[in-house]
Amino acid sequence: MNHNTSSITENLIQQEIKMGTAAQSSSEIYTSDSEKGFAINHQSSTSPELDAGAKFVLVSKGSWLHCGYHLTTSIVGPVILTLPFSFTLLGWFGGVIWLVLAGVITFYSYNLLSIVLEHHAQLGRRQFRFRDMARDILGPRWAKYYIGPLQFIICFGTVIGGPLVGGKSLKFIYQLYHPEGSMKLYQFIIICGVVTMLLAQLPSFHSLRHINLISLILCVIYSIFLTVGSIYVGHSKDAPPKEYSVKGSHEDKLFGVFNGISIIATTYASGIIPEIQATLAPPVKGKMFKGLCVCYSVIVATYFSVAISGYWAFGNASGATILANYIGETKLLLPKWFFLTTNILILLQVFGLTAVYLQPTNELFESIFGDPKKGQFSMRNVVPRVLSRSISVAAATLFAAMLPFFPDIMALFGAFAFIPLDFILPMVFYNITFKPSKQGIIYWVNTLIGGGSSILVVIGGIASIRQIVLDAKTYSLFSDS
């Protein structure tokens, strides 16, 4: 038995050596895992060692703790301000149950992605990007025409949303002290765009680790502010009457449920899990799970406190963002310093979140325009890097200023992009890679989650389109609201 095992090990090592050698001369490489019974088609045209994007932007130097910082920043952000509103569409029972269920599903889903990535790394083919996974597991067309474009939409859309959310926070601070001021929203968006452009020049994902630690701390602090603010207002003499029934006609209630489910689902969304795992220094086994534990500890502490306290304080009158409920009809329900501090914290955290979602687009531009045979900071690579990143952020800032109603569009993108990448594809990747038995629970859990999420894509998309149509009458380019 021991002799057979050692022979198999030696054969595998020899196969991996041959595979690495063949990569330099063959357009395709096939590796196999006899225990799992599947074959994978690897194309060496995008070999990481020859790819400037993977080599420079997704440099693998991080620890599991750094991974936790990146994960938290990619998921936890100002979207938590919308959680009390999602409860108005689902009610107490539906809101709490789906908030818990979505958290469990996404933690499970991201862990499955990590396991698949670790498995391929052990086979000698480490995948650095979502499109690498799609190419190796589903085929090159899936990577080129489906996964790649979906992820680009998510990332570039988030980069558009960053200056927009930041600009609205800046404008709120400005109007807090200059209510008759003449500055417009697009001017604040441009200010935030300039800051984002500077952050875009940070060379790699790994270089964001300290910024993302600060981002993690900031989101915890402003979540505490929001929770305390809701409890204070809920107990004050100015507290609004509380009703927890779901409002609207039967049609509105039905679409509201779908909308609420989509809102909560997208608050857990990331869409860049492989890119985050790519920042880990080898060996990667087990590190992503620890990072996920860090991330979800923050999620539990922030999501549930903000959602429950906000909905308790304002009931079905909870606004699209909880901050709006702290402003009464005639006066502020909380001191000015509260609004100033909270908006500054949100503004700073948004910069960190935007910088994270810049990385996949930066990587794409680097892989197109960069030369991996030259130094990362050589003139040959620095000039196209600065130009491509600056132009992309400038374009995103222009879109943000033109389309301040972009959150409605992002809700649509969320339904058609975030849910497939985070709820469906991890199940598909795992089932194809490991081929779990159809008599086993894992196969059916994955199939159930993937199938249910596919239905959610359709329903969420319809609900998002309906909301865009309802809000269309208020849309105007370069709007000041």
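Even glycines carry a Cβ here, placed using N, Cα and C.
Positions annotated as domain 'Amino acid transporter transmembrane' by TrEMBL: 61-445.
The transmembrane segment annotation in TrEMBL covers 69-90 (among others).
Listed as Cβ neighbours of the transmembrane segment (96-117) (distance under 8 Å, sequence separation of 6 or more from its ends, same chain) are residues 71, 83, 90, 126-127, 133, 137, 260-261, 264-265, 267-270, 273-274, 277, 284, 288-289, 292, 296, 299-300, 303-304, 307-308, 422-423, 426-427, 429-430, 433-434, 446, 449. Under the heading transmembrane segment, TrEMBL lists 96-117 (among others).
The transmembrane segment annotation in TrEMBL covers 145-165 (among others).
For 185-202 (among others), the entry in TrEMBL reads transmembrane segment. Within the chain carrying the transmembrane segment (185-202), a Cβ under 8 angstroms from the stretch's Cβ atoms is held by residues 159, 162-164, 166-168, 170-171, 174, 208, 211, 347, 350-351, 354-355, 358, 362, 385-386, 389-390, 392-394, 396-397, 400-401, 404, 478-481, all 6 or more beyond its ends.
Sequence-distant contacts of the transmembrane segment (214-234) (same chain, six or more residues past either end, CB-CB distance under 8 Å): 68-69, 72-73, 76-77, 80-81, 84, 242, 298, 301-302, 305-306, 309-310, 312-314, 322-323, 325-326, 333-334, 338, 341-342, 345-346, 348-349, 352-353. Residues or ranges marked as transmembrane segment in TrEMBL: 214-234 (among others).
Remote same-chain residues near the transmembrane segment (254-273) are listed as 71, 74-75, 79-80, 82-83, 85-90, 94-95, 98-99, 102-103, 106, 110, 113-114, 130, 151, 154-155, 246, 248, 299, 303, 356-357, 359-360, 411, 414-415, 417-419, 421-423, 456, 459-460, 462-464, 466-467 (criterion: CB distance under 8 Å, separation of at least six residues from the stretch ends). Annotation source TrEMBL lists transmembrane segment at 254-273 (among others).
Residues annotated as transmembrane segment in TrEMBL: 294-314 (among others). Remote same-chain residues near the transmembrane segment (294-314) are listed as 64-65, 67-69, 71-72, 75-76, 80-81, 83-84, 86-88, 92, 95-96, 99, 103, 107, 216, 219-220, 223-224, 226-227, 230-231, 233-234, 239-240, 242, 244, 267-268, 322, 325 (criterion: CB distance under 8 Å, separation of at least six residues from the stretch ends).
Cβ atoms under 8 Å from those of the transmembrane segment (334-358) belong to residues 70, 73-74, 77-78, 81, 154-155, 158-159, 161-163, 165-166, 169-170, 172-173, 176-177, 192, 195-196, 199-200, 202, 205, 208, 211-212, 214-215, 218-219, 221-222, 225-226, 229, 232-233, 272, 323, 326, 389, 393 of the same chain, restricted to positions at least 6 beyond its ends. Taken from TrEMBL, the feature transmembrane segment covers 334-358 (among others).
Outside the transmembrane segment (386-403), and at least 6 residues removed from its termini, the chain residues within Cβ reach (under 8 Å) are 156, 159-164, 167, 185-186, 189-190, 192-193, 196-197, 200-201, 358, 361-362, 365-366, 368-369, 409, 477-478. According to TrEMBL, the feature transmembrane segment maps to 386-403 (among others).
If one looks beyond the transmembrane segment (409-429) by at least 6 residues along the same chain, the residues whose Cβ comes under 8 Å of a Cβ in the stretch are 105-106, 109-110, 112-113, 116, 130, 133-134, 137-138, 147, 150-151, 153-154, 157-158, 161, 259, 262-263, 265-266, 268-271, 273, 403, 446-447, 449-450, 453-454, 456-457, 460-461, 463-465, 467-468. Per TrEMBL, the feature transmembrane segment maps to 409-429 (among others).
What TrEMBL records for 441-465 (among others) is transmembrane segment.
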